[in-house]
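Asker: Dumping the structure here so I can ask a few things about it.
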Amino acid sequence: MATSHLLAAASSTAASSATFRPPLLSLRSPPPSSLRLNRRRHFQVVRAAETDKETKANAPEKAPAGGSSFNQLLGIKGAKQENDIWKIRLQLTKPVTWPPLVWGVLCGAAASGNFHWTVEDVAKSIVCMIMSGPCLTGYTQTINDWYDRDIDAINEPYRPIPSGAISENEVITQIWALLLAGLGLGALLDVWAGHDFPIIFYLAVGGSLLSYIYSAPPLKLKQNGWIGNFALGASYIGLPWWAGQALFGTLTPDIVVLTSLYSIAGLGIAIVNDFKSVEGDRALGLQSLPVAFGMETAKWICVGAIDITQLSVAGYLFSSGKPYYALALLGLTIPQVVFQFQYFLKDPVKYDVKYQASAQPFFVLGLLVTALATSH
């Protein structure tokens, strides 16, 4: 639930190119596809065009030479242009953004203290992971691309939607199919777990709504760097954790507070992905933190959110009488700081992939340490 997450309504970092759009009834209306300047105002606004022909006309027919089929399947930059509609559909869901949601479910199950390595519990967790990852994160990423066509037309104009590789009806069908599948699995898990109150279903609904308003006007949370990135962090960390814990145990207020705090670290991780989109964000008037504060200040906001959050959680664990877990989390935070100075703070655009590949394994292990600590 990612959103992202869960429920996606998740994340992403998630990956080096991933991200999360007015009420679902408005999905039939074409998304913004042209950028116009309002001469009576001093700022840029995005207005919906009557058709998507302008974007398609300006988009190159082919992706850059040397594109990778593997990147295409993962939904990241450097993808090879594909004609197979199912590969294109998969690309829109950005599978590279699913693992954080899957990991969040795992952490929630561990934090419940009631997960057992039985066939039934493993099956429940797998269904919850499918709901959170492929279904609801896939929904989140597809609807994000749908409403993000103008940015993609600037940053990656050869992506499936701005290039016209997939039709409007096909995109809308995919959005609805993934959303309904995710909500259906949420309802199934509530019945399977014997819940009197359908908490997982409502988490799925909440995550899906969060994903929607993240990218879609009139709210379009992503226009605000603080609110948008926190929503992204909550979707990729808090929501899947809550779903996993609710599936096997009880979702308590202290866990909600702790995971919400961890979502601040998710905010920092989300900022990492904003640096490479500065040109498109600035052109469309999106106030990402690198645009609003400048690259140098945004770098320190990013690492500060990640590091201070983990140190705060370690302090909480220590004060709760769990010093060994606190020391383990502290030990996992130190390598992240080292990689921040080695890669990210030097050049967040050039080294973003190296930094995330090096530092994020320690971050996600820290999540598991925290989950295990709260289960005892």
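Backbone N, Cα and C atoms are what each Cβ position is placed from, and that goes for glycine too.
Remember, predicted model here, so these are calculated numbers, not experimental data.
According to Swiss-Prot, the record shows the following:
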TRANSIT   1-47  transit peptide
REGION    48-69  region 'Disordered'
TRANSMEM  95-115  transmembrane segment
TRANSMEM  171-191  transmembrane segment
TRANSMEM  197-217  transmembrane segment
TRANSMEM  230-250  transmembrane segment
TRANSMEM  255-275  transmembrane segment
TRANSMEM  300-320  transmembrane segment
TRANSMEM  325-345  transmembrane segment
TRANSMEM  355-375  transmembrane segment
Asker: Out of 95-115, 171-191, 300-320, 355-375, which stretch touches the transmembrane segment (230-250) the most, going by CB pairs under 8 Å?
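Answerer: The stretch I would name here is 95-115.
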Asker: Any chance the transmembrane segment (197-217) and the transmembrane segment (171-191) are in contact, meaning at least three CB pairs closer than 8 A with a sequence separation of 6+?
Answerer: yes
